[in-house]
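Novice: What follows is a structure written as structure tokens; I'll ask about it next.
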Amino acid sequence: MEGMNPIAAIVQPTALKPPVFVGLASALCALSGSLIALRLWTNFNHLRKLYIDDYLSVLALLFLIWNSVTFSLLFDVLNSNPDDITIEHLTRLVAVGIASGNSSIYSAKLPLLFMLIRIFGIKDWLRWTCIFLIIVGTLGGVITLLYAGISCSPNLHEPTPPFLFSCVGALTDATIARGSISLAIDVIAFILPIPIIVNLKMPLRRKIGVAFVFATGLLAIAASALGLYFQEAQSTESSTNFANALLVTVIESAVVLMVSCTSAIHVFWTNRSFRSPQLIWEQPVPQTRITQRSAHMNTLN
């Protein structure tokens, strides 16, 4: 309709208000940070060192915080007066949002995949599958980022209504592709250790404990599936659907990141509740990778 502000079709009040989103995102960041701190403390005290998956969890937390801040700004824009928002500002913020979202989601998977390599990497097929997932996730994140980022860059396009709506369409396509890849990675990562856990030479009680730790991966799968659902719902171009997709993206990243900490949490809980400190974790002998992995597996319950 001539004379109508095209931004008004996108910038509309959302059911989820900005202060609520900020509170939820802050709580998720704080909880993730607490579990990561517990992970680092536990691994350092029992393994006497930190591994690459521990450092990657800190990096993923930083990306999660960046993502939360960026999406908070997007929430403010969605609940602003459309006449106060320019196409340049909105599309630039969307481009930054896809960058922070991709970085947060895929970096959250790295600690889990590298932990699987560290614990079960003696199995070549598992190690190479994890490496393949890392490569696919990285490529998927970069490609969807470039596609949406270029499509939504006001520096590369004339800021017109057709550009705005093409940006929204590209964003929807990119997030659906990202969500599909993310869900596939979570499902495969959940299935990977099952054959090894089943064949472990340990008492049934311990085997159940180990299985329970890795069964928390179902939470990551559920979060990814929910994220994909709301990303698909963005295609209706509803501001509320867009807002829901933003929130679920933060939830997905936080849940996957927290799931990667369950092994260390289990060791910490077992140490405090059931065993004397000296029996919980024998310091691994750094002569072979097998010895280290065996020591880690023996402490999972």
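Note: Cβ is positioned from N, Cα and C throughout, glycine not excepted.
Annotation source TrEMBL lists transmembrane segment at 20-42, 54-75, 95-117, 129-150, 181-198, 210-230, 242-269. According to TrEMBL, the feature domain 'Rhodopsin' maps to 38-266.
What does the local environment look like for each feature on the list?
Specialist: Within the same chain, residues 94-95, 98-99, 102-103, 105-106, 109-110, 113-114, 116-117, 121, 156, 167, 170-171, 173-175, 177-178, 181-182, 185, 188-189, 192 sit at least 6 positions outside the transmembrane segment (129-150) and bring their C-beta atoms closer than 8 Å to a C-beta of that stretch.
Within the chain carrying the transmembrane segment (181-198), a Cβ under 8 angstroms from the stretch's Cβ atoms is held by residues 105-106, 109, 112-113, 116, 119-120, 123, 126, 129-130, 133, 136-137, 140, 207, 210-211, 214, 217-218, 220-221, 224-225, 227-228, 252, 256, all 6 or more beyond its ends.
Only residues 6 or more beyond the boundaries of the transmembrane segment (242-269), in the same chain, are considered here, and those with a CB under 8 A from a CB of the stretch are 10, 14-16, 21, 24-25, 28-29, 31-32, 35-36, 38-39, 41-43, 46, 53, 57, 60-61, 63-64, 67-68, 71, 74-75, 78, 97, 101, 104-105, 108-109, 111-112, 115, 119, 175, 182, 186, 209, 212-214, 216-217, 219-220, 222-224, 226-227, 229-231, 233-234, 280-281, 296, 299-301.
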Novice: Restricting to the domain 'Rhodopsin' (38-266), report the mean pLDDT as a whole number.
Specialist: 86
